[in-house]
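Here the structure is laid out as structure tokens; the discussion comes afterwards.
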Amino acid sequence: LFDGVYPFYPQQRKAAVFDIRTIIVIVVFLTLACSFLLIIPGIRGRARLYWTLRVLLSLFVGVVIVVVQFTGDWETGWVQANTSYKSFSRAQVNADIGLHIGLAGVNITLRGNPVNQINETINYNEHFPWNFGADYDRSYSEGLEKGLPSPILYVAEKFSTQSPCAVHRQYRIAGHYASAMLWVAFCTWISSNILFSMPVLVYGGYMLLVTGAFMIFSLLSFSTVRNSPMCLIQIGTGTLHVAYGGSFWLMLAVGLLCFVAAITIVAMHHLNLDLLKAFFDLREDKEEEHQEMPEVFVNPHFVSLSP
């Protein structure tokens, strides 16, 4: 004891609300969107609506592909239970225990009901990384040395390499390949925008189709973690169950959106090319290419001098 108090967290730690990398990505894409909105008044007629729809939709797809790399809600779960708070103490607290699984690691949240109990503020969010280059067991050992609350250590132990659950390797590999496929999808998204601006519309549609395919492949890669049965996480009288979270379903929706947009573009290229060019604001260019030669006036003096 230290002055009659258990030596756990001399200064209270607050739960993390936003990931700084996520904020940076969102700000960058919002800056691009605002820059486009500043020049949109210079586009005339119906093309203004088409340009706005295309650019904002494309930026939305791009920001989703990048942001979900850093989010921690590919799988989530919550449980409310009465549980012990610290080791070597019989004190019980009523708290919400949350599990947030991302591609690069797991966040474990502990929030008291109410937050202030047993003369302490119970509001924690601890991150344990498992991406390549990170050492999960070391992070877990550091948590033990810090004296993290018992529910956090109990849940974190389930994902360690020494745990009988044996899910650490599966989550690590699945998250790694899902992240790699998302970066490939980001590259093909850039390529599709380049092809649309050249313009090579049908090939841009094909590349957008590839973008959607890699997004779906990333979901399939992450879903392989369900091949390993998850250990029962029993906290007090409650059981913590995990299910696919917001990032997973958002990625599925955007991937299907890319499929629908790509198939529509390819179909319009073969069925109604004029309508497709009108949507991409290329109709005037086509008319100029097929415009007939204007009437030419020739000086009769030069004609008479010709042999």
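Heads up, the Cβ atoms here are built off N, Cα and C, so glycines get one too.
Keep in mind the model is a prediction, meaning the values are calculated, not measured.
Outside the transmembrane segment (20-39) by six or more residues, the chain places 52, 55-56, 59, 62-63, 66-67, 70-71 with a CB less than 8 A from a CB of the stretch. What TrEMBL records for 20-39 (among others) is transmembrane segment.
The transmembrane segment annotation in TrEMBL covers 51-70 (among others).
A Cβ distance under 8 Å defines the sequence-distant neighbours of the transmembrane segment (177-196), meaning residues of its chain 6+ beyond its ends; these are 54, 58, 61-62, 65-66, 68-69, 103-104, 131, 203-205, 207-208, 210-212, 214-215, 217-219, 221-222, 280. Taken from TrEMBL, the feature transmembrane segment applies to 177-196 (among others).
What TrEMBL lists as transmembrane segment is 203-222 (among others).
Feature annotation from TrEMBL assigns transmembrane segment to 242-267 (among others). Outside the transmembrane segment (242-267) by six or more residues, the chain places 57, 60-61, 64-65, 68, 71, 73-77, 99-102, 201-202, 204-206, 208-209, 211-213, 215-216, 218-219, 222, 230, 276 with a CB less than 8 A from a CB of the stretch.
Taking Cβ pairs closer than 8 Å, the transmembrane segment (51-70) reaches residues 19, 21-22, 25-26, 29, 32-33, 36, 40, 43, 102-104, 179, 182-183, 185-186, 189-190, 193, 196, 211, 215, 247, 250-251, 254, 257-258, 261, 279-281 in its own chain, all 6 or more past its ends.
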